Amino acid sequence: MDSQMLVALGLSLVGGLSTSLGALFVVLSETPNMKMLGLLQGFASGLMLSISFLDLAHNAINSIGFFKANLWFFGGVIFFACITKFIPEPTLGPSTDGKRRKKNGDEGGKDMMKKHRKQVLYSGLITAIGISLHNFPEGMAVFLGSIKGMRVGVNLALAIALHNIPEGVAVALPIYFATESKWQAFKLATLSGLAEPLGVIIVAYLFPRSLSPEILEGLLGAVGGIMAFLTLHEMLPLAFDYAGQKQAVKAVFFGMACMSASLYFLELSLPETMSL
């Protein structure tokens with residue numbers, strides 16, 4: 001392993017492990033109530049939607065054209081929709097929630113809380129997968145930036161580190177709420193960030209020449225479709241259920257604004273020939 005590879009790997013670790021910092025904000029605070037959980041789920045939904053549409057899908061359109069990018073994007077949507085058909089998912093309608101609690105009393109309330117936690121855990125695991133898929137190409141970007149020069153690599157790694165803190169929150173929050181385990185929340189958030197150094201290793205060793213830029217951009221467009229689907233199918237319903245539609249929508253747009261600002265400053269750190 002040459003020195004350039006070691007530098008890129010170290011920088012990607014700095015950027016990737018900042019998800020752990022976001023997780024610390026969650027695990028060092030008290031377990032949120034249901035409304036707070038809904039607001040934070042809405043915030044995380046905004047983060048995910050911005051990544052999907054303003055980052056991954058946008059770059060795919062610019063790189064391979066509108067038609068091909070849309071084929072990849074909706075291919076990702078269909079692919080993940082098919083997967084969710086075969087994954088057992090706890091469903092819970094907000095309209096029946098209160099009626100069941102009144103009918104069954106305390107025991108019913110405990111049963112409903114268990115279902116809530118299962119549903120939130122499912123959402124958290126899907127979020128962790130989506131964030132990992134998003135972090136993977138960021139590791140590739142750090143590697144390519146490091147090749148360009150140390151200054152570019154360092155600036156890019158620091159920008160990604162700031163960019164990844166709210167992603168750590170998005171992963172750790174539902175895991176902590178569902179499992180009540182600080183370790184599980186911290187561990188999964190950290191693992192999602194480790195996709196970045198993994199991206200460095202893979203792009204350096206496995207795909208130095210074989211993976212064409214068009215295929216890579218298409219795959220990232222498909223990742224955007226996957227993330228958009230899981231946000232609209234899994235995360236937003238939870239946010240509406242727990243926080244109410246009006247408050248959840250505000251949280252969504254606040255999350256979108258935060259991630260958009262993060263993507264903007266991240267873009268400023270990239271050389272002119274690169275984009276995320």
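Yeah, the Cβs are placed from backbone N, Cα and C, and that goes for glycine too.
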With the domain names in Swiss-Prot as our guide, do VAL154 and TYR242 land on the same side of the membrane?
-> no
So how many of the residues in the topological domain 'Lumenal' (241-250) end up helix, strand or coil by DSSP?
-> 9 helix, 0 strand, 1 coil
Are the transmembrane segment (220-240) and the transmembrane segment (188-208) close enough that 3 or more Cβ pairs fall under 8 Å, when only pairs 6 or more apart in sequence count?
-> no
Best-packed against the transmembrane segment (124-144), counting Cβ pairs under 8 Å over 36-56, 157-177, 220-240, 251-271, is stretch 157-177
Out of 36-56, 157-177, 220-240, which stretch touches the transmembrane segment (251-271) the most, going by CB pairs under 8 Å?
-> 36-56
